[in-house]
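Residues or ranges marked as transmembrane segment in Swiss-Prot: 17-37, 63-83, 95-115, 182-202, 209-229, 243-263.
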Amino acid sequence: MLMYPHIDPIALQIGPLAIHWYGLTYLAAFGLFMFLGTRRLRHEPYASLTGAQAWTRKDVEDILFLGVLGVVVGGRLGYCLFYKPGYYLSHPLEIFYIWQGGMSFHGGLLGVIASMVWFARSRHRPWLQVADFVAPCVPTGLAAGRVGNFINGELWGRFCDPSLPWGMVFPQSGSMLPRHPSQVYQFLMEGLLLFVLLWLYARRERRQGEVAAAFLVGYGCFRFIAEYFREPDAFLGILSLGMSMGQWLCVPMIVAGVLLWVWARRQPAR
């Protein structure tokens, strides 16, 4: 059994300026996206596109900018609508109180999809081509986010058997019983493992939509599994069929991914 190592959320204090670890994890996520996106330009079909359809570093920068907007706006609206709709309908101005916390991955995903559709239309490119480009670059950002969750001592797991060697006590949870370090589980599954699988899968030229579909199915399945070890939101608890809100939101994600993959496989090879 391990004790959560209290980590000061402020990485560096320079006078009145406080640099938080969580902010640094976001910075790392953006940097990793730029690095991987630049590498992705060498993969087919992007490497062989020419003229107006050619992909450049400027495209990667624009996608990152739009993606950040999609994550912030979609993530916040998703949290308000999926997790506390009644409260935020009664207190609509608090939707803008982002500093109070409350972001949803699934809402952020919808925001990113919307921003990618806009990017594709503005560049006169198939939006699935854009989605396939982005998908393998996302998991490292998710991994960085889970590091931030762990440093902040938030989103801890459910109670575990005291004999579990890596069971961890999170004093901030209000209990001294060991829990699953679910942030670490999600870092490994939704971050590192999903990245390796998607990156290897995307190295070969695929039918349009296949890589994006693999991301939807892969993330949905890994998140669904991780939710069994993660403490549900206190104000929601466990919902019908013994599933958490996160699991219920993963179901349509997995179904959409499977349908997209089946559709993509039926398209002629490029």
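Backbone N, Cα and C atoms are what each Cβ position is placed from, and that goes for glycine too.
Between the transmembrane segment (243-263) and the transmembrane segment (17-37) there are fewer than 3 Cβ pairs closer than 8 Å, counting only residues 6 or more apart in sequence, so the two stretches are not in contact. Here the transmembrane segment (63-83) has Cβ contacts under 8 Å with residues 30, 33-34, 37, 95, 98, 102-116, 118-119, 130, 133-134, 233, 235-236, 245, 249 of the same chain, all six or more residues outside its ends.
Beyond its flanks by at least six residues, the transmembrane segment (182-202) meets 36, 40, 43, 132, 135-136, 139-140, 142-144, 146-147, 149-150, 154-158, 166, 211, 214-215, 218-219, 222-223, 225-226, 229-231 of its own chain at Cβ-Cβ distances under 8 Å.
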